[in-house]
Every structure is written in structure tokens, then in C-alpha cells.
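Quick look at what TrEMBL lists:
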- Y191: active site, proton donor (ACT_SITE)
- K262: active site, proton acceptor (ACT_SITE)
- R244, N499, N543: (S)-malate binding site (BINDING)
- E334, D335, D358: divalent metal cation binding site (BINDING)
- 168-349: domain 'Malic enzyme N-terminal' (DOMAIN)
- 359-612: domain 'Malic enzyme NAD-binding' (DOMAIN)
Amino acid sequence: MISLNRSCFLNKTGISGSCSPFCGRQRAINPPASLKIVAAVNSNRDTNGSVVMESTLKEFRDGASVIDLDSTTAVAGGVHDVYGEDTATEDQFVTPWSISVASGYSLLRDPHHNKGLAFTDKERDAHYLRGLLPPAVISQELQVKKMMHIIRQYQVPLQKYMAMMDLQERNEKLFYKLLIDNVEEMLPIVYTPTVGEACQKYGNIFSRPQGIYISLKEKGRILEVLRNWPEKNVQVIVVTDGERILGLGDLGCHGMGIPVGKLSLYTALGGVRPSACLPVTIDVGTNNEKLLNDEFYIGLRQRRATGQEYAELLHEFMTAVKQNYGERILIQFEDFANHNAFDLLAKYGTTHLVFNDDIQGTASVVLAGIVAALKLVGGTLADHRFLFLGAGEAGTGIAELIALEMSKQTNMPVEETRKNIWLVDSKGLIVSSRMESLQQFKKPWAHEHEPIKTLLDAVNDIKPTVLIGTSGVGKTFTKEVVEAMASFNEKPIILALSNPTSQSECTAEEAYTWTGGRAIFASGSPFAPVEYEGELRVPGQANNAYIFPGFGLGLIMSGTIRVHDDMLLAASEALAAQVTPENFDKGLIYPPFANIRKISANIAANVAAKAYELGLATRLPQPQDLLKYAESCMYSPVYRGYR
């Protein structure tokens, strides 16, 4: 046994890194003294031709890494970038560390470091790959071109989704490079609307686990479960309990497709490192009889736990996350049912860094679209009347953020600005005479008015200038409703936000046709451009992906410890500011997704600035140029050279 001096791997090469995963200041990284690497070298190598590495695993089993990680926290509350990959510039060489130096066949099976045929001849010799790959060496750009050609051959979106998920499991950097370079084409595949179908059929297409599954079986052991996750520097968790997946209802454990998809966008659109992202599904059962009787269902086969049993499991999870990852771990709640979503946000908003994308993210992106639309129709927020179909998480969340922004602009109490906003639920217009029977989150929207049962009657009576659909029920913006909007608005703003496409309140073509081409339209899921009377109308997409990746990056890079409503307003303002005159000429109220990385950087900078202003940021001193700093923090999927 020959003990290899650690300088052979690290010191000798002069790895250049920084004081945190995001910081731009360079320093030399010296590995911890406890790093022990022993190589068993003899004349009889294993069949891979690789050097067998033995590591001290006691620390790993106890919840630490193979190395004794420095307890000093970095910008996002995590540990230092010991191996230098995240902080080295793209032209610097890095070491493909796993538990040991990945080499040979294992390197080709490691999605974090695999480069396929892009390994150079020198790398193939250094890492025992000679003969394990065909002789050709091709670039990452050519690999992207080839993969796009393959994916475009599939006619069914779900097949494209499966091909992308398979690529993510084989070659992480190629997956993100392809997604970033083709974001407008691939976003509907890796996220809505295709991810909805993927969740519905998750048991059938499930091949290997992604993320962490925490079920009632793990109650009392959640901290131990979290420590089973191999990445220790987690900065953002997206968690769901699968009870309200998009507009599709209770999908139980099959809801994991949502956290996986959201976190893919955190990396591709917001530049958060893949290793810093953790998808989690809380499995408390399902009330979906079809799934309970499905032989391929992968979750607990029992009806949903509720009440104290549910609350105790969630509390143990929230406590364990903070204990394992620190104060600055961002927890994004996703697709919880209304009755739990509001309670969780209220309960943990003061003790954890939490964000509900359905309530807060949707609100921020819709407010941005409305602010942009005002440049086309004129007036301020206070000059307009808003009518919502749907009074759940999304509807009330959007309404509240509009009221807050209106209050900020007019210096009126938010109780007054709410009076410009009306909501219709399944029982009709929300009015004060219904107060006793209303859920708590609906009560602020119960105004003095006679009861109205139908949306059409509400439109004719309230005469809104902005109609917003968050009902989760398709085809509810009927021809009569849309024509009524057009009868008293020169440019009616119609936002059909329910996902997936099949649940949209109306289509883009219907909105343009029924308003004589005058509608300013946006939807939650994408619609193709519509030609109306010789003019091409490009519908906007009020996709949360505009907001949450940049919002999360802003929180992480500033070390923010709590989310404040003013940060959501800051994100909306940053997004609205990215809409150009050329976009307005096409009727767009959102910028093209092709510029999403730039958009996310601007949102991150605005959010971070607000966090510093509110005294909630812990990364000090504040960077002088937050936009440049945000751009420097963003993960790049470009292949790295291996020493």
C-alpha cells in the first residue's frame, strides 16, 4: 500500500477557488488535513484498469463528507467549495472527485463528470478511459446538436420528456447546456405542460429515483434520511406533498416530477448549481383511488394523513432541514392543497426561509405582466378593476400582491386598495354576506355587494378592466364572457393562467377572435402565435419560471434569512422592466424566454438589493455591483478540462 501525498492531487496543481461557492475573490484551496486517500497499486489492476481508491468513510456515514468539512459557512450557509469546480474559471482544470477520483468505467457512469465523447485523448489516458470510448473526440456543441436531432424525432411530448430525464441522469452538463441553448423549445418539455402528463404516468415511466422521498414510514428519522443525500452543500429544496399537482389534483408520490422539474429550472434559468438543489416529496398517502389501485404506483397505499399526524411530520421535516443545512436554506413549497399551503407559509414564514411558488411566485409574475400591460392600456393600477375566477392559492396570492403594490403607489391602506379587486369562487362572487362560511384566506376579499352566482353576471356588473383565471377549470372564459369584456374595454387584459394547457380558461385564439383582435392576452401554459386578420399575435406566457429561479438566486447570493413581500414586488418590477418596446409592438407583456438568464440575473440583483435594504441579507459587505455579482454566481454547464 502506497500512501499518496494529497498534494499530488490538489496542492501541486494550484487549484484556484474562492471563499464561497459564489464569491468572485480568488484564493488557493488547501484540502482539509483529514483528507486521506490511499491507493492500492499493484501489477494486477482491476478489469477497468483503474487505480482502486480507499477512503475513510466513517465521517460520511455520520452525516459529514468523506472529508472533515470546514464548519465556516459560505454565502448561502453551505460549506466551502473544496474541490474548486464551482469557483475555477472555465479554462482551469478541475479534478472529477466523487468519493475518490472518478476514473475508468465509473467516470462514464457519473452524471456530474461524464463528458461522453468529449473526453480528450489526454483525459482518456489520465483517467483510464482508453478503449472504453470510440476513438472520435467531439465537442459539447456537436453533442447538443445530435441530442436535439434525436429529441426532435419524437412526436409525443412525453417521449421527449423521458429522453431529457435520461440525459440528465447520464450527463448533467450536457442536459443543462441543451436546455439553456434551446430554452424556448425545451421548457414546455421539462416543465408545464408536459410535466403534468409525466406526473400522471410517473409510476409507469419511473426508472431510477431522483431526490428524497420522505413518507410516514420515516417519521422520527427524517434527519437521518436527509443525511443519506450525497450532496452536503444544499442551498435550495423544492418540496411537495403531491396533493394539488398543477390543475390535475392529488397525484400523491407521483408529484415528484414537480420538484425535479422546478429545480432543473433553478439551474438552467437561475444558475443555481445542480449539486445545491434537492427535490423532496412528502408522502402521506393519497386519496386518488385510481392510484391506490394502480399496480405501478410507487407511493404509500393508504388514504392521506391529516390533522396532527400530518402537522407533526411536516414540522419534523422543517426542523431537520434547518438542523442539517442551516439558517439560509431556501425551502420552496410546491403544489400543496390550499388548506395546507396557507397554513405552512404562515407558520414557517417567520422561522425559516420559505417561499410558496403557487401563492407568491405566481403573484409576482402576474403582477409583472399587469405592470407591463399598463404601458399598452394606460393608467395606474389604482385606475383599474380586477376580477378573478378562482380564489385559491394563486388567485388570492395575486390579488394580495396587486393590492400591496397599489398601496405602495398610492399610499392608501391595503384594506382600501383591496376594494378594486373582486374574486369569484365556485359559489359565485365573494361578498360580505358570505363571510361566515368563507375560508380565512378569502375573507379579505368579501366586499359589500349583492350575491352574484355566475362569472358572466359578475363581469357585466363589476365591469373589470382585467380578467384573471386561476380556477384550474378549462373553457370557463366563454365567448359570452370574453365578448362582454370587449364591450366595455378598448384593450381588455385577459389572463388565462391555469395549467396545464387543457385546463386553461380559454385559448389565445379564442381571446383574440372574440375581442376582435384587441385583447392583451397571456396564459399559464404556452400557446402558439395566432394570425388574426393578417396580423400575427404572439401570446405571452405568465410562467412562474420567469420569477422563481432569479428570485431564489437573489436570496442565495445575498444570504437572505427570511422572505419579505417587498422582495416579491422587487422581482415583479425587475421582470416588467425587461419588456422592450419591440415586445410591446408584438402585444407581448413578458420578455422572450430566450433572454431568461439575463432576466434572472436582473431579478436576482433587485431581490438582493431589497434584502440588503431590509436588513435581511447576511452576506457582508454588500457587493458593489449586484448585477455583475449575480451574473458571476451563475452556474455554467460548459465542460471542464480534467487534470
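Keep in mind that glycine also has a Cβ here, set from the backbone N, Cα and C atoms.
For the binding-site residues given as E334, D358, the lowest number of other CB atoms within 10 Å of the residue's CB is seen at D358. Here the domain 'Malic enzyme NAD-binding' (359-612) returns a mean pLDDT of 95 for the predicted model. Whole-number maximum of the Cα to Cα distances across the (S)-malate-binding residues R244, N499, N543: 18 angstrom. The most densely surrounded of the recorded positions R244, K262, judged by C-beta neighbours within 10 angstroms, is K262.
Residues within less than 8 Å, Cβ to Cβ, of N543 ((S)-malate binding site) and separated from it by at least 6 positions along the same chain comprise L187, T192, V365, G524, P526, Y590, F593. Taking only the Cα positions, the spacing between D335 (divalent metal cation binding site) and R244 ((S)-malate binding site) is 5 angstrom. In this structure, the C-alpha atom of E334 (divalent metal cation binding site) lies 9 angstrom from that of R244 ((S)-malate binding site). Closest by Cα distance to R244 ((S)-malate binding site), from the recorded positions Y191, K262, D358, is D358.
Excluding the listed site residues E334, D335, D358, the same chain places T240, R244, I245, I258, F333, F336, A341, N356, D357, E393 with Cβ atoms within 8 Å of the centre of the divalent metal cation site Cβ atoms.
All protein chains considered, the CB of the residue listed as 'active site, proton donor' has 26 other CB atoms within 10 Å.
Taking Cα separation as the measure, K262 (active site, proton acceptor) is nearest to Y191 of the recorded positions Y191, D358, N499. Cβ neighbours of N499 ((S)-malate binding site) (same chain, under 8 Å, six or more residues apart in sequence): T192, P193, G196, L246, G247, G524, S525.
On a Cα basis, the residue listed as 'active site, proton donor' lies 15 Å away from D358 (divalent metal cation binding site). All protein chains considered, the CB of D335 (divalent metal cation binding site) has 26 other CB atoms within 10 Å.
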